[in-house]
Amino acid sequence: MGFIKRSLLSIVRNKVKSFILLAVIIVLGSLIAGAVSIQQATSNVEKNIKERLGAAATLELDYEKLDSLSEEEWMEIELQDIDLETIKQVGELSYVKYYDYNMSNYFGSKSIKSFQGDDVEYEVEYEGPSMDFMLKGINYAPVLDFEEKKGKLVDGRVFSQEELDNGTYVAIISKKLAELNNLHVGDTLTLVNEVYTFDNKTGKEKLVNSRDIVLEIIGLFESQKVKEDADGNSNRGMFDWMDIDYQNTIYVPNEIVRSETQYQMEEYMKADQEFAEMWEEEGSSFEHYTPMYVLNNPEDSEAFEEEVLPLLPEFYKVVSASDHYDSIAGPVESMANLSKYVLIAAVIGTVLIIGLVVLLFLRDRKRELGIYLSLGEKRSKVVSQVVIEVLVVALIGITLSLFSGNFIAAQVSDSMIQADNSSMDDDVIYYSELQPDLTTDDVIDSYEVNLSSSYILGFYGIGMLTILISTVIPLIYIVRLNPKKILM
Amino acid sequence: MILEAKELNYYYQDGDMRRYILKDTSIAFEKGKFYTILGQSGSGKTTLLSLLGALDTPHSGTVLFKGEDIKKIGYEKYRRNHVGIIFQSYNLIPTFTAVENVLIPMSITENEVPEDKKTVAYNLLDYIGISKEKADRPVNKLSGGEQQRVAIARALATNVELILADEPTGNLDEEMEQEIIDIFKKLAHEHEKCVIVVTHANEVAVQSDQSFLLRKGVLTSNE
C-alpha cells in the first residue's frame, strides 16, 4: 500500500475531516474564484474596448501643459506648427501600419441641403453664410476612415493616387446627404467658397469675393459606428450630433482644401491690408495638417509615443485612441481594483486558514505519521501523502467553487457596476481628433463574467498554488516529528 | 552476532548536569534467541530499545547490525529493511483494517516481498491467530490481544530477522500475555528470528533464553 493509495484511503476513511476541509476550501475558493472571474472580465473589457477604440494615434497640442504655464512663460514661448516633414517622418516609423494627414475647411452651398438628422421636426435657419459642409482633405487614397471602419464605402470608388497628387475635383459624400439631395455617383455638387470681411462699425459681414467649388461624386459612404450602435444607449445626444457632422463631411484630395483655403486667404488679405501685413510679418502659414496614424497594434501605443515625442516641437503630445479607455472605464476599473484587493486578501486568508485546518488535522493524526516514520517510511513520502490528501480534496473544492465563484462574481459585479455607474459624473466632454464614440455604457455592456478557458486555467493555477503554499506550515510540522516521542 | 550495542551513552541535560539514562552500555544479541531486558519504570529500558531500533540516536557509542554501524546503513533504511518494532500500545492505524495495517510496511520496505502481498498478509495474520474475517475489520474493532497480534504480524511482514518489542504484554491479561510470549518463542526458535523484548514483568523474563537487568542505566546479565 503505497503512499498514494494511503492518501486516497485516508480521504475516504476520514469522511468528516475531509468534508470539513472541502467545505472550507469551497467557501474560500469561491472568494478567490469570484475575484479571478472579475479580474478576467475586466481585463477582457479592457482588451475589447481598446480594440474597439482602435490603434489610431494623432499629434496634438498639449493643452494641459499649456494651461499650467504662467503668464510670463506664455509671453516667452513661441508655438510652432508640426510641419509636413515631421508628419511624414513619424509615418515612416515601424509601428505605423498606415497614416494620413488632413487639411479641413468648412464651406456652404446654395444648391444642396445639409443633412440635419433622420427625425427633423423643424429646419434650423441660420443667419449669415452657411458653413454646413466640411471638406476633409485626404492624402491616403483608400481613405483612413474607411479602413478604420468609421465609414464604409457603399457605392462608387475611393480616390486614385493620381487624383490625390493632381488635386482633381472629385469627392466622396455620405449616402444620406446624397439621398437628401437626390445625388448619385457621377453627378456633380457645387459648394461655394465665399470670403467675407467683418465690419466692426456696423457689425455686419461683407462679401468680398466668391467662387464655386464643383466636385464630381465618385463614391458614397455610410457611417459605420453609429449604425452598429443603433440599438445602443439612452444617452447618445452627443453622438447624434457627431453623426450629423460626419454625414455632412465631404472627402476630397488635400490639394483641393489647400487651394480653396489659399483662395480664401488671398482674397481676405486683399480686403484687409492690415491683416495682410501682420500675416506677412509673422510668416504664418494657412496649411495646417492634422496627422492620423494607425498603428499595427494598440499595444504599441506607448513605444510609439516614446519614439515620436523627441521628434515633436515643444508643447505637442501623442494622443492614442486607447488613451480614452481610462476616461470611460471608471466603474469597471474600480471593480478591477476591488477584485485585486479581494484576491490578495482571499489568497492570504486561504493560506492561513487552510494551513491551520490541515495542521489541526495533522495533530490529530500525529500518531499515524509517527507509525509511518517508525516503519522506515521516508519523510518525503509522508509529506507527499499529506499533500496529495489536501490537493485531492482541494481539486474537488476548487472545481465546485469554480462555478459558485463565477455565479457570485456575476451577481456582485452587476449590482456594483450599476451602483458605481449611477454615481459617476459624466459631464466632462472635451474635444479631440480622437474623440471616441464609445461611452461608459459601452464598457459596461462589454463587461461579461463567463467561464472562459483563461478564467478556468487562471483560477486552477492560483487555487492550487494557494493550497500548496498553505501546506507548508503542516509540512514543517511533519519534518520535525520524532517517532520515539510520539510512540513510546 | 546479529545486533551489538557498544558503549552507548544517553543522557538528558539538566542545566549544567547530565542525567544519564544509559552509561557506557554494551550488549550483544544472536539470531534464533528470545531475549528480555528487565527493568523498573525509568530504568532506561525503553530508551535502550529505541536506540536499538533507530527510533532515537545515542549521544555516543554505536549500534552494529551484522557488524555494520546502523548510522552508516541509515536510520530510516535500517528501520525499513532490518527491524520490526512492536509497541506496548500497538500503534496501529485505526482507520485501516488489520490486513491494511500489515500491508503498509510491505510497500515501504526494499526487501523482497512476494507479489501477492495481500495473500501473504492474510496468511501471516492467520499464523498469528487472526482469522480472515477479523483481518478485514478496522483494527479499532478488535480486542487488545488481537491488536497486538496484528502489530506482531506487521513487524514480521517485511521478513526481517530482528524483532524489537516494548512492553508488548503490558496492556494484556495473563492468558493473552502467555499467548504472545509463545508466539515470540516460536519466532525465535522455529523461524531463527532474534526477538528482544523490553519488560518490567519477571514472568516474561523467566521464559526468555537470556535476560538482562537494567538498573539506573547500567546493564547486567540476569542469569
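Here the Cβ of each residue, glycine as well, is placed from N, Cα and C on the backbone.
Taken as a whole, the domain 'MacB-like periplasmic core' (A:21-308) shows an average pLDDT of 84 in this prediction. Annotation comment: TrEMBL describes A:21-308 as domain 'MacB-like periplasmic core'.
TrEMBL lists A:343-483 with the feature domain 'ABC3 transporter permease C-terminal'.
Annotation source TrEMBL lists transmembrane segment at A:20-38 (among others).
The transmembrane segment annotation in TrEMBL covers A:341-362 (among others).
Positions annotated as transmembrane segment by TrEMBL: A:382-403 (among others). Within the same chain, residues 3-4, 6-8, 10-11, 18, 21-22, 24-30, 32-33, 354, 358, 362, 369, 372-373, 451, 456, 459-460, 463-464, 467-468, 470-471, 474-475, 478-479 sit at least 6 positions outside the transmembrane segment (A:382-403) and bring their C-beta atoms closer than 8 Å to a C-beta of that stretch.
Look at TrEMBL and you will find A:455-479 (among others) tagged as transmembrane segment.
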Other parts of the chain folded back onto the transmembrane segment (A:341-362), taken as Cβ under 8 Å at six or more residues beyond its ends: 14, 17, 20-21, 24-25, 28-29, 31-32, 34-36, 38-39, 369, 386, 390, 394, 462, 466-467, 469-474, 477-478
